[in-house]
Amino acid sequence: MTGRIALLSLTLFSPLSLASTPDGQALDFTHSTIGYAALLIFAIAYTLVMLEEYLQLRKSKPVLLAAGLIWAMIGYVYQQTGSTEVARQALEHNLLEYAELLLFLLVAMTYISAMEERRLFDALKAWMINRGFNFHTLFWITGWLAFFISPIADNLTTALLMCAVVMKVGGENPKFVSLACINIVIAANAGGAFSPFGDITTLMVWQAGHVSFLEFMDLFLPSLANYLVPALVMSLFVPHQTPSSIQEVVELKRGAKRIVVLFLFTILSAIGFHAFFHFPPVIGMMMGLAYLQFFGYFLRKTLARSLAKKTAIAMAKNDEAALKRIGSVVPFDVFRSISHAEWDTLLFFYGVVMCVGGLSLLGYLGLVSEILYTEWNPIWANVLVGLLSSVVDNIPVMFAVLSMQPEMSLGNWLLVTLTAGVGGSLLSIGSAAGVALMGAAHGKYTFLSHLKWTPVILLGYVVSIVLHLLLNHQSFT
């Protein structure tokens, strides 16, 4: 049993993720030199990923190299056994999985980048700053906004936006910054758990067809409880002070609100293709990219006329500041927004997909699946997945589960979606939002400051699981 637990830990603590093999005569290399070498390469690669902040080494680099080495070894051993076609089919299958993920995320990131370029998030930040809220009110406002924005935007962007407000208003109060950042991380992760667009893990579960778009809403109340339980406790310790008033003026660029509407239509297109035609949602997302491209064309073609009107108004009012802003206007370019996508993250996903493809073909994921989902009760296995995601990034953990293809009820698929999404809140290093805020609020929000509240966050984790088991018990049959 000890040996199996060790193998389980080693497997899940490396980026074993998103790959699965098609039907074919895959060979078992779990007890071979090649298999052990693959595990060692994964362990080293993931160690480097975890040390990204300290080494200043982008996380995509080690997993890209690991993927190449693993598949080179697989190619060699399958060539020796005369089964090259099996390995090639597995490789192509995983490349297709990655292509769907890449294009979907690229469109979503492009829209978020376009909203940032049109200053939509800057305007939201300025609105909160100008209201002169006290620390207690700001604690709740940033938390609620993080919870409700992250299902549409990604939780990382949401967390960074809310943290910018906290640092701008209360940066001189370390206690408030620490509590507010913890609250934001919990809220962003919890909010992302009940929407396919809120987190990469929920997106993958949706694309795999295990949970429909509307069925994700069954996780709303458990996710809400996951946020509210620790937030209510922490709010008792927030300083009851009012920071000095700051006035900040932000003018939205032309087309900002219409881009939000186009993004909503893009989401509806993705849902429609998946619901009505059973096509991959990425088809609707790519169609949505065309919406943005044509709108960008419209903005460029009408820019001169728009600037002429604004210039005439500014000259009539003798507004020098407005004239200066008009003179610095840069035409909207959708390809600039595409270039601002998080390419390190997208390449990291490639490494994760191919690494797990190799592990799956070598037989390790089948072995781990046997331990987790056959010998254990799936409910306890899914609770463990959430705890693992507090140490290991939830993306490789969830991709590993998807690659195992366990036979589970809808309730258990919802449970693993919930736990993988919110489990990362237990530690600051457990989610991209937490890691990013440690950098944005350096010295004020730290690993140790988050760790002090882990028992309260764990209480919220347990309450959310129990609430899901009670409210959605019919989906476990």
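Cβ from N, Cα, C; glycine included.
Going by Swiss-Prot topology annotations, TRP127 is found across the membrane from ALA441.
Contact between the transmembrane segment (259-277) and the transmembrane segment (379-403) is not supported, since fewer than 3 Cβ pairs fall under 8 Å when only residues 6 or more apart in sequence are counted. The transmembrane segment (182-206) shares the most Cβ pairs under 8 Å with 133-150, out of the stretches 133-150, 282-299, 379-403, 455-472. Between the transmembrane segment (345-362) and the transmembrane segment (282-299), the number of CB pairs under 8 angstroms, six or more residues apart, is fewer than three, so the stretches are not in contact. Just going by CB pairs under 8 A, the stretch in 95-112, 133-150, 221-238, 414-438 that sits most against the transmembrane segment (282-299) is 95-112. Long-range contacts of the topological domain 'Periplasmic' (151-154) within the same chain, counting only residues at least 6 positions beyond its ends with a Cβ under 8 Å from a Cβ of the stretch, are 108-109, 112, 191-192, 194-195, 197-199, 263, 267. Here the topological domain 'Cytoplasmic' (52-60) has long-range neighbours at 344-345, 347-348, 350-351, 435, 438-439, meaning same-chain residues at least 6 beyond its ends whose C-beta is under 8 angstroms from one of its own. Residues 100, 104, 196, 206-207, 270-271 of the same chain sit 6 or more residues outside the topological domain 'Periplasmic' (278-281) yet have a Cβ under 8 Å from a Cβ within it.
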